Amino acid sequence: MKRAVVVFSGGQDSTTCLAQARHQYDEVHCVTFDYGQRHRAEIDVARALALKLGARAHKVLDVTLLNELAVSSLTRDSIPVPDYEPNADGIPNTFVPGRNILFLTLVAIYAYQVKAEAVITGVCETDFSGYPDCRDEFVKALNHAVNLGMAKDIRFETPLMWIDKAETWALADYWGQLDLVREETLTCYNGIKGDGCGHCAACNLRANGLNHYLSNKSAVMAAMKQKTGLR
């Protein structure tokens, strides 16, 4: 039996990954993290979506220690969430240092226990947010280290790594989940489901991608298929 575990936030990207994984694996588990994030509503959204999309199991792990260690606008209400601009060093204040290091490591431990062959994460380098832990180089390096540390061959999959946000919408549409992703996921840094607040960087990226996809469906779908190998 082919098993996979999805790092699942209930946002556009991880929900699209879950929708695809349900077609590619016999059994799919989801892991969501409570790290005291500003947009904690995503945890309840993730629970509902994991159930709706047929995840075999869904775990919510408490990693609130990360909130104490990592200062970010996503972990501190006193720091305003930006619209577009990163800091002078190119890293936006929404970056939570160590988040993906911790998340991927913990999910790999869970995958080891349930005998899953893959850990799936929705990180992407194409519409680069400036987050160093979303880079392909990082994911591959951590995957290698984790496998060495557990003497296990668990594959870190990044289905969205080389597609842009419009193509991510196309991928959701390909799997018949465009409306669900648009209406029921939570990507907004301010914790508003669906189309979100319309102002934060996450909402702007999501909306621009959706508008581009809806205006150029056939071309974007074709580009997505070419990049992902889907037919």
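One is the number of the first residue shown, and numbering goes on along the chain from there.
Here the Cβ of each residue, glycine as well, is placed from N, Cα and C on the backbone.
Feature list (source: Swiss-Prot):
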- F8, S9, G10, G11, Q12, D13, S14, T15, T16, C17, L18: ATP binding site (BINDING)
- C188, C197, C200, C203: Zn(2+) binding site (BINDING)
Count of other CB atoms lying within 10 Å of the CB belonging to C188 (Zn(2+) binding site): 24
Nearest of the binding-site residues (F8, Q12, S14, T16, L18) to C197 (Zn(2+) binding site) - Cα to Cα: Q12
Assigned conformation of L18 (ATP binding site) - DSSP reduced to three states: helix
Environment of F8, S9, G10, G11, Q12, D13, S14, T15, T16, C17, L18, the listed ATP site - residues of the same chain whose CB lies within 8 A of the CB centroid: V6, A46, L49, G122, T185
Assigned element (helix, strand, coil) containing Q12 (ATP binding site), judged by DSSP: helix
Count of other CB atoms lying within 10 Å of the CB belonging to S14 (ATP binding site): 26
Which of L18, C197, all binding-site residues, has a Cβ with the fewest other Cβ atoms inside 10 Å: C197
Inter-residue C-alpha distance, S14 (ATP binding site) and C200 (Zn(2+) binding site) (nearest angstrom): 19
Nearest of the binding-site residues (F8, G10, Q12, T16, L18) to C203 (Zn(2+) binding site) - Cα to Cα: Q12
Protein Cβ atoms within 10 Å of T16 (ATP binding site), excluding its own: 27
C200 (Zn(2+) binding site) and G10 (ATP binding site), Cα-Cα, nearest whole angstrom: 17
Neighbouring C-beta atoms (10 Å sphere around the C-beta of G10 (ATP binding site)): 25
Rounded Cα-Cα span from C200 (Zn(2+) binding site) to L18 (ATP binding site), Å: 25
All-chain count of other Cβ atoms within 10 Å of Q12 (ATP binding site): 25
